[in-house]
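One structure is given below, encoded as structure tokens.
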Amino acid sequence: MIRKWDEAQLREALRLYLVMGSPNCNGADPYAVLEAAIYGGVTMFQLREKGPGALQGPERLALGSRLRRLCAQRGIPFIVNDDERLALELEADGIHIGQEDEAAAAVRKRLPQMIVGVSAHDLGEAQSALSDGADYLGVGPQYATRTKLDAREVQGPAGIALLRAGGIALPLVGIGGIDASNASHVIRAGADGVAVVSAIAAASSPREAAAELRERIVNL
Ligand code: TZP
Ligand code: MG
């Protein structure tokens with residue numbers, strides 16, 4: 001099994017994780033948004049083409065391949081949300097799955113070469129994800145979010161501290177309502193990084209937004 005990213009590299013890549021699809025970009029070109037965000041300091045990217053106005057079929061594939069290429073050129077991992085077929089078609093570095101999606105263990109087995117990320121909301125889900133072979137966890141919502149309409153209850157960074165206290169050492173990011181004002185709390189609670197959608201994708205300057213976030217999470 002050839003894995004391109006070892007655990008230390010993954011922890012590093014998770015520091016500032018941009019999660020985004022075209023509906024999150026306020027009408028801007030997602031390619032331009034991602035390019036600017038990478039200049040600003042984003043270290044990993046997830047294509048989450050979801051919600052009202054999300055591209056489908058060939059348009060989705062075309063957008064995915066442009067963004068995939070950009071990530072490859074800049075040396076950052078490219079992850080696909082949920083869609084195993086799309087992840088394979090785009091030769092993604094990984095796939096992210098939620099609790100309502102396919103069983104993590106089955107995905108892990110079918111895609112041994114990929115980074116597998118799993119959304120976990122409590123210690124039980126984190127332990128299951130670990131035994132299913134997840135490479136990293138997304139934990140949230142940390143704060144109130146308007147991006148994911150079916151998000152669970154806000155748990156705050158205390159949710160991450162609980163997982164760490166419960167022995168979960170896996171690479172882990174907080175997600176949900178994170179911006180430059182609160183990112184440091186998420187890291188201090190034990191996260192390796194933060195995953196953000198609107199704080200970068202909907203910012204008037206994604207580059208500056210990413211740079212500001214990055215400044216708040218490095219050298220804490
Ligand atoms: N999963 C939990 S909250 C969330 C996802 C995908 C949305 C986060 O979006 P934002 O804009 O960073 O609050
Ligand atoms: Mg999902």
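Placed from the backbone N, Cα and C atoms, the Cβ positions cover glycine too.
Annotated domain 'Thiamine phosphate synthase/TenI' per TrEMBL: 16-200, in sequence order. On the 0 to 100 pLDDT scale, the model's mean across the domain 'Thiamine phosphate synthase/TenI' (16-200) is 97.
Same-chain residues at least 6 positions away in sequence with a Cβ under 8 Å from that of LEU47 (4-amino-2-methyl-5-(diphosphooxymethyl)pyrimidine binding site) are, in sequence order, MET20, GLY21, LEU63, GLY64, LEU67, ARG68, PHE78, ILE79, VAL80, ASN81, LEU86, LEU90, ALA92. Sequence annotations record features per position, and here TrEMBL assigns 4-amino-2-methyl-5-(diphosphooxymethyl)pyrimidine binding site to GLN46, LEU47, ARG48, GLU49, LYS50, ASN81, SER119, LYS148.
In the structure as shown, the Cβ atom of ASP82 (Mg(2+) binding site) sits within 10 Å of 19 other Cβ atoms. ASP82 (Mg(2+) binding site) falls outside any helix or strand according to DSSP and counts as coil. Taken from TrEMBL, the feature Mg(2+) binding site covers ASP82, ASP101.
In sequence order, ASP82 are the residues of the chain that are 6 or more apart from ASP101 (Mg(2+) binding site) and have a CB within less than 8 Å of its CB. Long-range C-beta contacts of LYS148 (4-amino-2-methyl-5-(diphosphooxymethyl)pyrimidine binding site), restricted to its own chain and to partners at least six residues apart, with a cutoff below 8 Å, comprise PRO141, GLY176.
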